[in-house]
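**Student:** Okay, here's the structure, questions in a sec.
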Amino acid sequence: MRRDRFLLAITLTTVLVADVYFVLLPRLRDWYHLSRNGCTCQGVNFSIEYQGQTSQKWTSGSNTTFEQESKLERLFSHPLYNIRLPELAPDERLLEEEELMGYYRRKVTRWERQQKLYVEAAAASNISIPEQPVTFEPNASWLKFHLGINRYALYSRDDHSIDRLLQDMQSAPIISADYTQDEKALKGACDCSQVVKPSGHHLKLALKLQDFGKAMFKPMRQERHEETPEDFFYFVDFQRHNAEIASFHLDRVLDFRRVPPVVGRLINVTGEILYTTHSDDLRSVFFTSPANNTCFFAKCLYVCKTEYAVCGHPHLLEGSMSAYLPGLSIAPRISIPNPWIRSYTFTGREEWEVNPAYCNTIKGLYPYSSGNRLLNIIDMTIFDFLTGNMDRHHYEIFTKFGDEGFLLHLDNARGFGRHSHDEMSILAPLTQCCIIKRSTLLRLRLLARPEYRLSDVMRESLGQDPLMPILTEPHLQALDRRLGRVLKAMDRCIKKLGEAQVVVTDFVLHKPLFSGRKVLTDIS
């Protein structure tokens, strides 16, 4: 009996020693090195939460207590992401502060007057409507965003109001909901014989926030893991809310800054849309599904059916919130057909699809014969190829900036549909023209390096959105694959024509008088 106890004690002691040596000691060593050197974790998706009046920049993708090296922060610290812009002249800013404030104060006054009349009319009918007070502040994030628009981009690299704007769109109270202007313009009419339906038939809403900011809400129509069916034409593809969010982050990672800020948000379709709207048309399309979920559908007759509706669960619905640009009456824009527009028919083909020398024709036409317009088309082409968006039939510019202004990358909801397919025809402007800005090419090469890998910085950037994960892993990996295809296309152009003819310099490198650090200056 004693011998058995002795053997049992020996066995337990051996197990304890082995556990200490092989398990506890390695963990203690790891913790010791971690406390000295910081976290060396790889491939972990840390996210940041939106908090009231946060001072944390959107370049940070970690909310862990351990220090972790951020590829996104390292990328934005690179000299290519700190090219110094020339001093802005007054006419290179889109709006003047005094003019903008006067314009919106008049709009707020008109809104409050209409709201008062609406409440009084409801009271006369014995209907109780909660008042929706407006808190218009001159330092509101959306006003700062509008004031920051200039000839080069929608916002500067160090504009902290963009952080606040994303936070406000994600959490600010909604005081009004309505159809967008293009849907109102249809007046419910939509020719079902048309192959391509007008813009207004897509279900999207204009939401007004308590600070009088405005955002376009595109509801979730497709699960993230679902791919666009192979038999779908590009002009009838789904509009994806997560594509709008991901496109904003990609545009920022590429340093284009031509997509208005977008953030994800969970909307209570009953409390924040149905109960806040003054539109009888919008209220009339709400219904309760057999599953007891609150649903609504678009006004256009083509999709004015319950099978086209979007539904909450039972009231909550996720979607994208895109910041509105300044109104057309104060900041006019024009829409211009894309020279590489696709044939929006089942059988037709455009000239660029059958003529490899098509770009030579375009180069001889205004406004592509001089200036930056064609180079900006190439930027937009690369952006669309990375997202897989085949639906870029038009682009918009601010009229104030004329031919030298940047192109707005709007309406990106048809991107990120198929991660398993790379649509090479999107790259036609690049492969036919064989030109690119030097800054764009250098950033693309940078994002192909392991320490700045595009999929990694996108994963980190998208991890900041409250609806994360925004893209599935196959979509992130597709970004790296497509980036490689763009760079191979440029290598072929350079090999064929020479770098001097292909790569257009749009910045200069110089050394300041009182500093040894090299500085890049934009000359575009």
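The backbone N, Cα and C atoms fix where each Cβ goes, and this holds for glycine too.
Just lifted these from TrEMBL, have a look:
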type     : residues                                               : note
BINDING  : LYS218, SER322, ALA323, TYR324, LEU325, GLU396, ASP411 : ATP binding site
DOMAIN   : 286-503                                                : domain 'FAM20 C-terminal'
ACT_SITE : ASP391                                                 : active site
BINDING  : ASP411                                                 : Mn(2+) binding site
**Student:** Between the Cα atoms of LYS218 (ATP binding site) and the residue listed as 'active site', what distance do you get, rounded to the nearest Å?
**Tutor:** 17
**Student:** I'm trying to understand the geometry here, so how far is the Cα atom of ASP411 (ATP binding site) from the Cα atom of ASP391 (active site), in Å to the nearest whole number?
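**Tutor:** Cα of ASP411 (ATP binding site) to Cα of ASP391 (active site) measures 9 Å after rounding.
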**Student:** Measuring Cα to Cα, tell me the gap between SER322 (ATP binding site) and ASP391 (active site) in whole angstrom.
**Tutor:** 19
**Student:** In whole Å, how far does the CA atom of TYR324 (ATP binding site) lie from that of ASP391 (active site)?
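**Tutor:** It is 21 Å, counting Cα to Cα.
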**Student:** For LEU325 (ATP binding site), list the number of other Cβ atoms lying within 10 Å of its Cβ atom.
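**Tutor:** Counting Cβ neighbours of LEU325 (ATP binding site) within 10 Å gives 19.
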**Student:** Just name the most isolated of the recorded positions ASP391, GLU396, ASP411, going by other Cβ atoms within 10 Å of its Cβ.
**Tutor:** GLU396
**Student:** If you average the pLDDT over the domain 'FAM20 C-terminal' (286-503), what number do you get?
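**Tutor:** The answer is 92, the mean pLDDT of the model over that range.
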**Student:** If we count other C-beta atoms within 10 Å, could you say which of the binding-site residues LYS218, SER322, ALA323, TYR324 has the fewest?
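**Tutor:** Counting other Cβ atoms within 10 Å of each of the binding-site residues LYS218, SER322, ALA323, TYR324 gives the minimum at TYR324.
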**Student:** Compute all pairwise C-alpha distances among LYS218, SER322, ALA323, TYR324, LEU325, GLU396, ASP411, the residues listed as binding ATP, and give the largest one in whole angstrom.
**Tutor:** 20
**Student:** What whole-number Å value do you get for the CA-CA distance of ASP391 (active site) and LEU325 (ATP binding site)?
**Tutor:** 21
